[in-house]
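**Student:** One structure is given below, represented as structure tokens, and several questions about it will come after.
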């Protein structure tokens, strides 16, 4: 009876309050507001709604208590909503929520209270954001979480106890980040974890001490990391059964590398640089070792390993690369007498991995500040300080000095803080960083200087901070990119220069930034980008130029960017788009933003070269009446054509037919002729008078028909893993 009363109440409430342009399913308590033009969370969503789908809108910020009016929500989908910030307490009141999807947004930082109030949450998906840093305590209120997906973000560092509070978490997905620093206690608060995905990162050594905290983990993926050596007893994981170290840079594995992981059953070492292998002592439970794709030297030096395989009854996959007489022979087919050593020299031993620094401190906390020895944090936020305090503990790793009045950062301001990884100097009225300001910060990865008054920077300011990977200079007073600044930053990955007053991107501005992957230049006044301006950044993956003054696509500047997968040109006054404007990046581009530009005309050949790799295309809020043929865009997951005044005559018939085949909500409406104005292009009857109407709708000889378009989620793509499911090797 209670359920019947609930359904009846929902039906009455939903019918009266379903917000525009949403669709309300009263019976199932679902509300869909997909691919719309919403810029704020609707406040008229029925109170008893359980599942709310807001994909494809434009919220930018999720404010505090945004969902207080819908306390019965169990599922909330906010994918592709251009969210950049979660205010503290954004989800308070959602104590029943079990599923939250925030994938494919622009979230850069998770604060301690960002996810407060989600006590029942079981799945949290944050894949495909630009999260650079997680503050310890961010997940402290998620005591029911079982799956946390942080794939394809911009993480470089995991501090100690960063996952504290996740007592029942079973799967942690950290693939496709840029991790190369893990605190020894990073995973210490995860007693229930069974599966850890760390593949496709920048780990140079196996993080044995951090992993030793995972007593119950059975599955560990470390593939696609530049690890060169697995040392003695490097991995002490009592329950581990499946270990992936494929596609790394392994040159050697110690004999007892896995002796402290006695439950290990499957070891994947495919596609490394191993010329040989020792017998693996202590790995008595091992069933299978995969060595395919290694340059194995099947000489007498491999005999001990070969004998061990037979004695331990371990199945081995792999083939000889040398000597020539044995090239291509599988390991299982070899006989010991065939493995000879005449005129063969053993491969050189790799260098031992670098020693890890030891934590320790003899300093106290500066007066008026707070230091946390458990998290290795120091904070003097909003203390009205005029000078940067000194004498923080030497093992401090995160230092928060926001909202003070320093004006300048003098030389040697942070001496002694060799382990500092993250430095926050936002809103400190800083006008200058003096040469040597960061001297001694040899472990610094993150530097936040947003909302200051900087107008220039000298390269010497970064002397002594060679590991710096993330530099945030948003909301300052730069009128040009400080040329030459990045020559001392060989590891710079992400550069934020949004909301300054930069008028041009000139040749030489980015000299030295050879490892840059993400460049954020939104909200400036850029009118021109020199053809060679981006030439040093050959690894660039994201280029965000929205909200500038460009009048044309900077095609020449896109030359030589073979990895560019995301290009944002939204809110630039580009009125016309000519032939082949995206050809230089056609082979890599996956996400293209061309919305809110006042675009009046697109050449039929503007998208030449683009095709199945394109996953999302934003063209909403423009003025053109037609668009080029996109029938080969078979990988589309998002296509937004809202607020475009299409002229629904026979020339638009191919588009009409194509979008009828898509399993996507695209929002295309007719602007003319008068009888079709306001109608969905998909539903307009004006096409019924066109030649070949009946023939095309019968499905014969339709050049735009494509099976792949109706099921884009099943197509395998490169660059980033699919949102759900696994590849065969990791299933």
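Cβ coordinates come from backbone N, Cα and C, glycine included.
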**Student:** With TrEMBL as the source, which of 281-308, 309-336, 337-364, 365-392 is set down as region 'Disordered'?
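**Tutor:** Checking TrEMBL against the ranges 281-308, 309-336, 337-364, 365-392, the region 'Disordered' one is 337-364.
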**Student:** Mean pLDDT, the domain 'LRRCT' (294-342)?
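**Tutor:** 91, rounded to a whole number.
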**Student:** Can you tell me how the residues of the domain 'LRRNT' (17-51) break down into helix, strand and coil by DSSP?
**Tutor:** 1 helix, 7 strand, 27 coil
**Student:** By DSSP, what is the split of the domain 'LRRCT' (645-691) into helix, strand and coil residues?
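**Tutor:** Helix, strand, coil within the domain 'LRRCT' (645-691): 19 helix, 8 strand, 20 coil.
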